[in-house]
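Annotated features, as they stand in TrEMBL:
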type: DOMAIN; residues: 67-116; note: domain 'LRRCT'
type: REPEAT; residues: 119-161; note: repeat 'EAR'
type: REPEAT; residues: 165-207; note: repeat 'EAR'
type: REPEAT; residues: 260-303; note: repeat 'EAR'
type: REPEAT; residues: 305-348; note: repeat 'EAR'
type: REPEAT; residues: 350-392; note: repeat 'EAR'
type: REPEAT; residues: 396-441; note: repeat 'EAR'
Amino acid sequence: MEAVLLVMLPSSAGFIEDNEIGSISKNALRGLRSLTHLSLANNNLETLPRFLFRGLETLTHVDLRGNPFQCDCRVLWLLQWMPAVNASVGTGACAGPTALAHRQLRHLDPKTFKCRAIELSWFQMVGESALGVESFSYQGEPHVVLAQPFAGRCLILTWDYSLQRFRPEEELSAPSVVSCKPLVLGPRLFMLAARLWGGSQLWARPSPGLRLAPTQALAPRRLLRPNDAELLWLDGRPCFVVADASKAGSTTLLCQDGPGFYPRQSLHAWHRDTDAEALELDGRPHLLLASASQRPVLFHWLGGRFERRTDIPEAEDVYATRHFQAGGDVFLCLTRYIGDSMVMRWDGSMFRPLQQLPSRGAHVFQPLLIARDQLAILGSDFAFSQVFRFEPDKGLLEPLQELGPPALVAPRAFAPITLAGRRFLFAACFKGPTQIYQHHELDLSA
């Protein structure tokens with residue numbers, strides 16, 4: 001029998017046992033507010049609908065024994081209800097899954113059930129390719145900026161509340177741009193546009209209502225072929241670090257001094273740096289530089305300047321690095337175009353290898369925190385981009401899903417943004433349009 005319709009006379013007890021019942025409606029017990037004893041024992045129930053016992057405040061005994069319960073996410077609500085109700089509950093044992101067969105339901109720990117899933121589904125496309133994407137908030141409104149080298153611009157997007165889509169708000173002329181890095185200081189908005197040719201520039205909006213305008217050429221003799229730019233705060237001041245990939249140039253730290261940003265220190269000259277990553281270790285600012293010529297080098301802020309601290313062993317041919325924090329530990333995602341990309345963990349003095357992930361053709365391995373989920377996306381030029389989720393109990397990244405369709409074409413950067421109660425992920429692609437995905441949470445116990 002796959003269903004049962006309960007019609008009960010006003011009574012304090014209901015016995016529906018030994019009837020081979022296979023399922024029961026969530027409304028079957030509605031209105032039986034005087035019910036004190038209920039027996040569903042010795043049937044074929046594999047699960048019970050959530051809220052079956054809602055409103056039955058007078059229950060003192062429930063007998064569920066002798067049913068082949070499947071102890072998966074569908075019984076999670078029951079495990080959470082039993083210790084909270086003022087009634088004795090006879091539950092019996094699990095019939096499945098195999099790992100839990102013959103276990104008593106009352107001995108199961110609800111905390112061990114993983115009944116929340118997430119999914120990234122396609123939402124919108126933004127034309128023109130992009131090398132970089134950054135999210136920021138200005139005047140209480142979330143924004144996204146794309147570095148679009150072929151279109152020759154930094155394109156700022158905002159949310160259209162009428163159309164429920166992202167739309168262009170402003171664009172900055174920036175031929176051959178590789179990175180557009182925003183900085184918000186109260187009512188002022190700055191945008192660093194790092195460019196391969198023509199010099200890098202700083203744009204500024206002194207107050208809301210005005211448009212961004214170029215205000216400063218940045219270190220024209222040092223930044224000859226920038227490849228990446230990062231924002232960091234040092235001694236209470238905002239600074240940019242720009243990784244330079246030319247032999248004649250040098251990675252440069254630029255800090256605010258009056259109305260502009262000026263070189264504070266040259267770093268790593270002659271090493272053709274491809275990436276910079278700012279992070280905090282042991283309570284102090286650190287900077288990690290990846291280059292085409294040697295293993296990534298870690299610098300720490302000491303005496304008003306960055307000093308070399310160590311390099312990262314077993315990390316040859318690393319194109320870029322990104323870090324994340326989980327459970328009090330600092331982890332590092334290292335991108336390798338040839339060979340396996342890696343995850344490392346800081347042990348107090350050095351980053352140690354933790355995990356390797358196949359990554360042929362990868363230019364980006366980027367950790368992202370979306371809602372409660374620590375994700376990492378491994379982009380590929382030759383295959384689907386893979387999304388991983390960090391599992392705290394294992395201390396490892398576990399596969400979650402592939403991004404697509406549509407497939408990402410040469411992804412280079414990712415950025416999350418939250419607005420109007422919704423969460424999105426931008427994926428900037430070098431050989432195709434930028435794709436936007438929406439983050440969904442799924443309750444598997446529903």
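Each residue, glycine too, has its Cβ placed from N, Cα and C.
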Problem set entry | Distal contacts, the repeat 'EAR' (165-207) - CB-CB under 8 A, six or more residues away | 124, 126, 131-132, 134, 136-139, 143-149, 152-159, 213-220, 223, 225-231, 238, 240, 242, 260-261, 436
Exercise. Per-residue pLDDT averaged over the repeat 'EAR' (396-441) comes to what?
Worked result: 95
Exercise. Counting Cβ pairs under 8 Å that sit 6 or more residues apart, are there three or more between the repeat 'EAR' (396-441) and the repeat 'EAR' (260-303)?
Worked result: no
Seminar exercise, completed: Across the repeat 'EAR' (165-207), DSSP labelling yields 0 helix, 32 strand, 11 coil
